């Protein structure tokens with residue numbers, strides 16, 4: 001029995017890891033393709049059919065580049081930076097429920113690496129450690145542009161984490177749980193949280209853009225002012241790790257958006273499917289539903305990138321502290337009042 | 001007169017610093033408008049041409065590489081008068097005239113001919129003025145789609161008579177075709 005659990009969890013962990021890597025890889029291609037399409041171009045189409053091998057070619061190129069280390073006292077930190085970014089981006093995927101359950105070999109297999117009670121807090125904890133990857137990398141580069149970019153990134157991420165956390169508090173008040181699995185289960189059918197928490201969703205969406213350092217909040221890699229930002233001094237696969245981590249965290253945050261607000265693996269008619277077609281098929285479709293939702297969010301990230309120009313730094317801070325945080329506090333209060341009235345009515 | 005009526009396109013907007021209304025200051029409406037504009041471009045026809053497989057269509061007045069013509073009997077028409085070199089705005093053409101020997105009558109139509117005729121393809125702008133200037137209808141810009149090949153050596157771009165003069169068999173074929181018609 002114990003062995004079966006170990007095997008089952010290992011399979012889930014390895015496939016989630018592989019999926020994250022694959023998605024991060026193909027997000028780079030998707031980004032280039034979507035960028036091209038939105039600008040009336042075709043995009044990369046030479047490597048393989050329709051450019052399908054382009055990510056491999058990019059990776060191979062990065063591996064073949066010279067691994068440059070600047071003249072700094074912090075050689076260890078210089079290597080640690082990208083490693084932290086990468087591992088933090090991958091760690092978040094541990095608590096995400098990819099589906100409800102499968103019934104195989106006479107056992108119910110829960111499609112989640114681990115169902116901890118404080119999954120949301122875990123996600124936030126890991127996200128805030130992710131700042132260190134950028135901070136340490138920028139500091140160890142021994143370059144003033146990298147340092148400035150790292151400071152920008154750190155203060156931006158800390159600022160937006162506040163609003164993000166507050167937007168989640170309203171959601172947690174409503175769902176009465178911190179476990180992502182239970183939140184997913186509560187949204188069965190079309191009972192999606194986005195219909196109950198539209199303002200919270202909007203705040204969370206804006207904050208996830210800031211947390212993943214994507215346009216319009218990509219001040220950390222503002223080319224015009226800061227060269228490459230915190231990865232100016234990085235080359236070869238160390239730089240690849242930073243870029244990869246960005247795409248991996250984009251994938252994870254799209255997943256979290258889908259799980260928290262867009263009904264996770266639920267789709268209309270899931271219960272009917274479970275009763276009439278079978279648990280396995282219904283849940284496999286559920287996994288694809290989640291996949292479709294997160295792909296939409298990844299597309300949305302890219303769509304926004306080619307639509308909205310970058311904020312100025314003071315605008316960024318004003319939006320974070322003076323607009324999103326008061327808005328999320330108001331959201332909490334309104335949610336609390338509505339919940340209180342609702343309970344009384346019952 | 002307002003600025004809209006002055007501008008030719010009619011799309012010029014006067015910059016104003018007026019205070020934004022609350023709805024505008026949320027930027028949400030503007031962002032959705034922007035998103036709508038970009039998504040429309042996703043479905044537009046792409047203008048890119050996949051070059052080596054597809055080539056752009058040439059204009060009907062396209063002028064390609066030069067050719068020094070031969071007459072019906074396969075003699076070179078050029079008499080080395082130098083009018084083409086004179087008319088050339090890019091000064092790409094140089095030539096050296098020579099007198100025709102009695103035993104060369106079957107090669108050159110006139111008594112004087114160009115022993116050296118060179119066009120520097122790096123200078124040539126394919127304007128076609130040489131073609132217009134030529135009194136003997138000797139130089140023509142063909143419709144050939146063959147572009148001048150890239151090279152690392154500047155001397156290779158100076159095309160001599162070996163590359164410019166029409167091949168003899170082509171001239172004879174043209175004569176035959178004319179006779180048939």
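Quick reminder: no glycine exception, Cβ is built from N, Cα and C everywhere.
No curator has checked TrEMBL annotations; they are predicted automatically.
Using a 10 Å radius centred on the Cβ of residue B:81 ([4Fe-4S] cluster 1 binding site) and all shown protein chains, the other Cβ atoms total 18. Secondary structure at residue B:81 ([4Fe-4S] cluster 1 binding site), taken from DSSP and collapsed to helix, strand or coil, is coil. Sequence annotations record features per position, and here TrEMBL assigns [4Fe-4S] cluster 1 binding site to B:78, B:81, B:84, B:134.
Packing around residue B:88 ([4Fe-4S] cluster 2 binding site) is summarised by its Cβ count: 20 other Cβ atoms lie within 10 angstroms of its Cβ, all protein chains included. Feature annotation from TrEMBL assigns [4Fe-4S] cluster 2 binding site to B:88, B:124, B:127, B:130.
As annotated by TrEMBL, domain '4Fe-4S ferredoxin-type' applies to B:69-98 (among others). Below 8 angstroms of C-beta separation, residues 106-110, 112-121, 123-125, 127, 129-130, 132-140, 165-166, 168, 171-172, 174-175, 178 of the same chain, each at least six residues beyond the ends of the domain '4Fe-4S ferredoxin-type' (B:69-98), sit close to that stretch.
If you look up TrEMBL, you'll see B:115-144 (among others) marked as domain '4Fe-4S ferredoxin-type'. Per-residue pLDDT, averaged over the domain '4Fe-4S ferredoxin-type' (B:115-144), rounds to 90.
Residues or ranges marked as transmembrane segment in TrEMBL: B:21-43.
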Remote residues contacting the transmembrane segment (B:21-43) - C-beta distance under 8 A, at least 6 residues beyond either end: none
Neighbour tally for residue B:124 ([4Fe-4S] cluster 2 binding site), based on other Cβ positions within 10 Å of its Cβ: 21
Fewest Cβ neighbours within 10 Å, where candidates are the binding-site residues B:84, B:127, B:130: B:127
Sparsest-packed among the binding-site residues, when each Cβ's other Cβ atoms within 10 Å are tallied, from B:78, B:134: B:134
Cβ-based neighbourhood (8 Å from the centroid) of the [4Fe-4S] cluster 1 site, residues B:78, B:81, B:84, B:134 excluded: B:79, B:80, B:82, B:83, B:114, B:130, B:133, B:135, B:136, B:138, B:139
